[in-house]
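Report on the structure given below.
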């Protein structure tokens with residue numbers, strides 16, 4: 001999550017000052033704009049405990065902690081919200097997630113322009129924070145199941161996310177720079193330490209929220225489902241606190257006035273140089289040493305020289321979008337991967353979206369580790385570990401992280417149950433009669449396609465694969481029970497899973513075909529259905545406000561998904577009595593069939609069969625890929641800014657800030673395009 005970093009002084013080593021992951025740099029006014037007297041308080045700002053640290057930075061640091069908690073907490077559960085609340089596909093969820101992330105890194109340009117050219121940093125933060133809060137309120141309303149249907153939820157979600165992107169992106173280039181404005185020039189050392197504290201507040205907010213909000217989503221039930229409204233509402237409340245805390249310090253802030261937008265002037269200078277060059281394409285006009293020299297008719301020489309230096313630095317930014325495209329998939333594809341893994345670590349059970357907490361946690365460890373141990377050791381070995389070499393190693397580590405992630409994905413797919421192909425079905429037989437039944441599946445010419453003897457309540461170890469001649473087909477079954485031979489017929493469709501349930505029918509037997517759950521439950525939850533052999537309808541309470549009715553005499557319920565856990569006493573009731581069922585442990589990703597019987601003196605019991613196995617691969621196997629990508633992030637991201645800022649002129653700092661954020665946006669667009677292309681390819685394969 002070291003998406004951006006703060007730059008304080010041109011020659012400052014960012015590693016030694018533990019630069020933070022958000023990079024609102026101090027904008028520098030262009031030389032042709034005359035300086036205006038700052039509107040600072042005439043008397044010195046109050047200090048913290050007699051030190052040289054202004055009291056105003058306390059409000060700014062607390063504001064940043066709450067804002068980052070708000071942003072990363074909301075974002076941690078966003079992909080699963082798309083997938084399981086709005087019921088979008090994995091590719092669509094990934095695409096919208098990265099479209100939102102991209103928008104969050106386009107809007108800082110707007111925020112910087114508003115602050116530099118119109119309102120100033122303080123008013124920009126206040127006004128856009130109000131937009132930010134409104135976005136959270138609308139987003140939380142869109143997660144309330146009782147509020148309208150899916151279309152309304154989708155509209156509210158998109159409006160809320162758009163406002164959040166405008167708010168978080170708009171204040172991003174302002175907050176840290178505004179904190180730097182609170183220090184007098186003679187207190188440069190204290191200002192440097194402030195930036196380190198500011199960085200820690202960002203990581204602390206990210207770390208805590210990424211851990212807490214998935215718990216609010218999964219461990220709390222709202223209207224019988226995961227509580228996304230609470231998971232979005234708590235970050236919204238933190239943003240309200242951030243706004244209130246920031247506003248409380250209004251009277252003691254130093255508030256420099258707007259100084260003009262250097263980004264606009266750079267763009268205009270480049271555009272004029274290009275257009276002027278094309279207007280003067282005649283062979284009679286002498287060529288100029290550099291293409292930017294064609295702006296000399298309108299812009300001062302110093303600005304042109306600075307823009308030249310800027311373009312040389314921007315050349316280094318070419319690989320950045322690809323790096324962000326890899327890094328930002330932690331919140332989308334890696335989270336989806338975690339839903340198909342087992343989160344039980346023995347001492348703690350992790351939700352899939354809680355794995356993202358590893359990134360800020362490892363960032364806090366790796367920055368001092370690299371700064372004080374690894375880099376000094378490399379230097380003592382006589383290796384000249386230049387900035388460009390660090391960036392190259394960082395990119396290699398990021399690529400290795402995705403190689404590891406791919407290996408984990410391959411292993412997960414190997415452990416997953418196979419899928420029926422075209423003109424194939426998977427079939428299992430569940431014998432609920434009181435004695436053994438021999439089941440024979442007959443082909444068109446009465447040839448035996450499958451023959452099995454199945455004992456009463458025998459748990460089948462696997463499904464049997466049957467081939468179809470068309471996309472849908474009728475199968476004939478011969479059931480031998482005692483001295484009876486019963487023939488029946490059932491229709492099936494390709495690429496489906498079926499269970500043939502054999503039941504007692506007086507002194508004979510009969511059968512019914514039910515379509516099973518898909519071959520996997522990708523949300524990390526567990527799926528279940530019930531067969532009721534009693535002569536009364538049963539109402540089963542699976543959680544708060546969630547009940548499931550199963551009709552009498554071998555009624556088969558719909559599927560329900562619940563959180564992983566022990567279900568030792570599930571309340572049930574019929575018309576005449578109340579009782580509880582012990583369902584045992586329902587594990588990650590598994591699908592269960594429960595047959596409710598009353599064959600003992602202990603009352604109704606639940607016979608349990610797991611027909612889709614639980615996720616076997618531990619979520620701990622994601623740790624290496626998170627460690628590698630975070631190490632690559634520390635080496636590539638921080639070093640890239642350190643190098644580019646040491647090479648760029650001081651007047652171009654704000655332009656580099658905008659360019660850096662744009663690379664993050666472009667990286668997310670790359671993932672969005674790839675996800676959409678993947679979706680189209682999948683559609684073509686299914687057709």
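Just so it is clear, glycine is given a Cβ too, placed from its N, Cα and C backbone atoms.
Just so you know, TrEMBL annotations are computer predictions that nobody has curated.
As annotated by TrEMBL, transmembrane segment applies to 69-89 (among others).
The transmembrane segment annotation in TrEMBL covers 95-115 (among others). Nonlocal intrachain contacts for the transmembrane segment (95-115), taken as residues 6+ away from its ends with a CB within less than 8 angstroms of a stretch CB, comprise 3, 24, 27, 75, 78-79, 82, 88, 121, 124, 128, 161-162, 164-166, 168-174, 258, 261, 263-264, 328, 331-332, 654, 657-658, 661-662, 664-669, 671-672, 675-676, 679.
Residues or ranges marked as transmembrane segment by TrEMBL: 127-148 (among others).
For the transmembrane segment (154-175), same-chain residues at least 6 beyond its ends with a Cβ under 8 Å from one of its own Cβ atoms are 4, 22, 24-25, 27, 60, 63-64, 67, 71, 74, 81, 86, 100, 103-108, 110-112, 114-115, 121, 124-125, 128-129, 131-143, 147, 654, 657-658, 661. Sequence annotations record features per position, and here TrEMBL assigns transmembrane segment to 154-175 (among others).
Same-chain residues lying 6 or more positions outside the transmembrane segment (196-216) and placing a CB less than 8 Å from one of its CB atoms are 1, 6, 17-22, 60-62, 64-70, 72-74, 76-77, 176, 179, 227, 230-231, 234-235, 238, 351-354, 356-357, 359-361, 363-364. The transmembrane segment annotation in TrEMBL covers 196-216 (among others).
Here the transmembrane segment (228-248) has long-range neighbours at 59-60, 62-67, 69-71, 73-74, 77, 81, 85, 125-126, 129-130, 132-133, 136-137, 139-141, 143-144, 209, 212-214, 216-217, 220, 222, meaning same-chain residues at least 6 beyond its ends whose C-beta is under 8 angstroms from one of its own. What TrEMBL records for 228-248 (among others) is transmembrane segment.
Here the transmembrane segment (309-327) has Cβ contacts under 8 Å with residues 3, 266, 292, 394-395, 398-399, 401-402, 629, 632-633, 636-637, 640, 643-644, 647-649, 652, 655-656, 659-660, 663-664, 666-671, 674 of the same chain, all six or more residues outside its ends. Residues or ranges marked as transmembrane segment in TrEMBL: 309-327 (among others).
The transmembrane segment feature in TrEMBL is assigned to 357-378 (among others).
The annotation transmembrane segment is assigned in TrEMBL to 390-408 (among others).
Look at TrEMBL and you will find 658-681 (among others) tagged as transmembrane segment.
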